[in-house]
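Asks: As annotated by TrEMBL, domain 'U-box' applies to 1-56. Residues or ranges marked as repeat 'WD' in TrEMBL: 78-117, 118-157, 158-197, 198-237, 238-277, 278-317, 318-349, 359-388.
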Amino acid sequence: MVATGHTYDRQCIEKWLAQGNRTCPVTGMRLRHLELTPNYALRTAIQEWATAHGINMNANGSKLNAPYRYEDEARNILQGHEEIVWAVEVCGRRLFSASADKTIRVWDIASRRCEQVMEDHTRPVLSLSVANGKLFSGSYDYTIKVWDLGTLHKMKTLTGHTDAVRALAVAEGRLFSGSYDSTVRVWDENTLQCLKVLEGHNGPVRTLVHCRNSMFSGSYDRTVKVWDCQTLQCKATLTGHSGAVRALVASSDKVFSGSDDTTIKVWDAETLQCLKTLEGHEDNVRVLAVGSRHMYSGSWDKTIRVWSLDTLQCVKVLEGHTEAVLALAVGNNHLVSGSYDTTVRFWDMGNNYRCVRKCDGHDDAVRVLAAADGRVFSGSYDGTIGIW
């Protein structure tokens, strides 16, 4: 049986899917997932009929008792989502993916099988965060859903935002949610009660990062605000960017903000002073990532820049993508990048960041990346998940 409930001959539907078809042959409907479920009732009826008529079903080596399962194939592009994948998050043996199709899919990494489709949001799901047995999801429906990682059931819906919830971060027992309504809301991680609404931004809050007992929020209003995680008071407003702040990352003692003004600013996490403005990109800085020795910036100018955490100098410019760089992740000895050019590239940290692998498979832009346990996971505008 396919996802629509229709039953087919195993070899025929196997061939249909192997040819790249993603619809039910009878109805023409797009399949929500590609798992095949054995129809035991029909198979038993056929076996009983065959026995009654003296027909040996296994005469030609039929795999009658070992039905084909499409998910058993080794495959690195996972189908299921119907629209853009906005977020991916790894937790243990599972990968969670959030999509514009309003769902969150739960994937078993080892089998590459979709375990469950979590449906409760009414508009695109934009952000995910995992912490202490819970999954938090933020959506264009203005809500945050809280899911139990053990049962995969919804625990609660957090309401209050008046626009899309674009960023989530958990720190010091609290969940911070950044929204296009220009606020950051703070929730108690255990009771799930709203503790405070942090106001002050004059534009959508796009990104959050935690560093040194403070939560930093970056906004389209061109500023970064710093909030004390315990008192929930605003400690400072960091100004200087002349374009929207779209990306924040933190090392142990520094916070980096990437902006549409083509620059990255470096802030001392304690004094909150601007240490340096990193220049070199020729277009918007869309994504940042940080490793043990370097910070990485990806831009609409199609390049990735590598910056020393110690000297704050650019030590390498990585070229190869033919469109904007939208996603970065730091893996085991590799920097990984995803681009509008539909590819995922691996850059060898131990070999002067030489591009050692270019991965094709997505049919549209690679929007998000996550790295864990030697694997890299990519989410694309085409609705697929890549495992590399």
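A Cβ is built for glycine as well, from the same backbone N, Cα and C atoms used for every other residue.
Whatever TrEMBL says is automated annotation, not expert-curated.
Are these features on the surface or tucked inside, and what touches them?
Replies: Over the repeat 'WD' (78-117) the predicted model carries a mean pLDDT of 95.
Beyond its flanks by at least six residues, the repeat 'WD' (118-157) meets 83-84, 86-89, 91, 96, 98-106, 163-170, 175, 177, 179, 181, 187, 189, 192 of its own chain at Cβ-Cβ distances under 8 Å.
Tertiary proximity for the repeat 'WD' (198-237) is limited to same-chain residues at least six positions away from its ends with a CB under 8 Å from its CB atoms, namely 163, 166-169, 171-172, 174, 176, 178-186, 243-250, 253-255, 257, 259, 261, 267, 269-270, 272.
With a threshold of 8 Å between CB atoms, the same-chain residues lying at least 6 positions outside the repeat 'WD' (238-277) that come near it are 203, 206-212, 214, 216-226, 283-290, 295, 297, 299, 301, 307, 309, 312.
In terms of DSSP secondary structure, the repeat 'WD' (278-317) contains 0 helix, 22 strand, 18 coil.
Among residues of the same chain six or more beyond the repeat 'WD' (318-349), those with a C-beta under 8 A of the stretch's C-beta atoms are 283, 286-291, 296, 298-306, 355-360, 362-371, 374, 376, 378, 380, 386, 388.
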Asks: For the repeat 'WD' (158-197), could you work out the same-chain residues 6 or more beyond its ends whose Cβ comes under 8 Å from its Cβ atoms?
Replies: 123, 126-129, 131-132, 134, 136-140, 142-146, 203-210, 213, 215, 217, 219, 221, 225, 227, 229-230, 232
Asks: Could you tell me how many residues in the repeat 'WD' (238-277) are helical, how many are strand and how many are coil under DSSP?
Replies: 0 helix, 22 strand, 18 coil
Asks: DSSP on the repeat 'WD' (78-117): how many residues come out helix, how many strand, how many coil?
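Replies: Helix, strand, coil within the repeat 'WD' (78-117): 0 helix, 25 strand, 15 coil.
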